[in-house]
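Taken straight from TrEMBL:
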- B:12-31: transmembrane segment (TRANSMEM)
- B:78-98: transmembrane segment (TRANSMEM)
- B:118-138: transmembrane segment (TRANSMEM)
- B:159-180: transmembrane segment (TRANSMEM)
- B:192-212: transmembrane segment (TRANSMEM)
- B:241-264: transmembrane segment (TRANSMEM)
- B:284-307: transmembrane segment (TRANSMEM)
- B:319-341: transmembrane segment (TRANSMEM)
Amino acid sequence: MQALTDRVKPVDRRPLTFMEKLYLPAIWKGMAITFKHIFQKKATVSYPEEKRPFSPVFRGLHILNRDEEGRERCTACGLCAVACPAEAITMEAAERKPGEEHLYREEKYAASYEINMLRCIFCGFCEEACPKDAIYLTETFAPANYQRKGFIYGKEDLLIPDPKEKQTV
Amino acid sequence: MTIDWYFILEKLILISGVLALSLIVAMYSTWGERKVAAVIQDRRGPNRAGPLGLLQPLADGGKLFFKEEIIPASSHRFLFILGPSLAMLVACMTSAVIPWGDTLVIAGQEISLQVADINIGILYIFGVVSLGVYGIMLGGWASNNKYSLLASVRAASQIISYELAMGLSLIALLMLTGSLSLKDIVEQQRHGLWNVVYQPLGFLIFLVCAFAECNRTPFDLPEAENELNGGYHLEYSSMKLGFYLFAEYINMFVSSALMASLYFGGYSFPGMDSLGLPHNVVTILGFLALFLKILVFLFLFMWVRWTIPRFRYDQLMRLGWNVMIPLALLNMLITGAIVLFRQG
């Protein structure tokens, strides 16, 4: 039979030699290997105290962005919800009232904005779909929770703190 | 007849001490096993409960106690409970004849650090170890589950097969020592060379058989997790399962102590009698030496477990009957010939 690749390794079907039948030399070799591993660098880290850095393209929990003046960027256009393959995003739009200009950047805003982190597959399509640079994926992941409703993140969980307020603090 | 209350008290204290020691060592063997497995596999192992994870065995034990106790409806209730009890009892009984040290002299009284120095010590151990099969067999049978039964049948035939080779390898040793008392054997090694020098092949056979007797890898077919769903203790839960697992570790501890006493000088160590220290101090140092030897053997048990894959059952039987027993017979023959030659 002709081999399909040049990496074919024929199976060695020769009967065991006397030394191999003794088992002990092979066992000793194996034990030497495992003994060597006792002194090697550990592959694992002590997690909560020591964390491995994520890759720069890691896609974790979402945030809702504000502009430089601290106004919410989201205009509740719904493009993120449309782009979402897992249908994890829901929102309700509302109209900006006079006097709320310092809160919302444009005249329409999201009165409620929810992402179900149990549905979300962290593909980042919402980030790509957003025309207003309002939603971003961060380098953290959703912490454990006791109840399903704890995984439904509302606006208060997603919005980043106001940069102006933060400065005063 | 007067009862020697002092003697009974002394032995009671000693028995409690030995029992507590074996239980603690068995407990920390589970911790040690996990640590050894971890470092061999480049992991860290238990390190959360207490410093270095040292409280982990307590947490595990507590967990086992609080687990639901399930006795299958179709099982034989009495035998089902008897199985793990017997396994545990038999595992603890073997430690009675092992000399844990020389004598301690307290207030003019000489106290032997051996529960019972009987002149048939090795025979006693073999008798009790053979009883260990009943614990496994009863457990597997009483579970009324074909996998448990299959595993216990495997275990029984394996243990019986390897007991033969083990006994034969010991006969060669007994021809040299001329005594069945473990204390005598250790004392002989104290004044001469360790028996492993005279009996390297015998020791190797004994070691391999000890692995098989303790159901340890590469001979852990009775509890082959991935083939028999856990083996003879498949139907067991809570502390009854704990007893089976614990009995295995106590068996390991006792066979380590036995191997150290028979082949590696027991509580004696080189230069023991020329230190010029008080008798009691030497005795305690001797006990520590024995303990160190035991720990080395325990590490060997674990090291082998995390290195070698399991034998196939036919390979196991072939190794036992076609290799171990002929080798043990050959060893016996050669030893006998040499003993005769030196006498004549």
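Cβ coordinates come from backbone N, Cα and C, glycine included.
Count of Cβ pairs under 8 Å against the transmembrane segment (B:319-341): among B:118-138, B:159-180, B:241-264, B:284-307, the largest is for B:159-180. The highest tally of CB pairs under 8 A with the transmembrane segment (B:159-180), across B:78-98, B:118-138, B:284-307, is held by B:118-138.
The highest tally of CB pairs under 8 A with the transmembrane segment (B:241-264), across B:12-31, B:78-98, B:118-138, B:284-307, is held by B:78-98.
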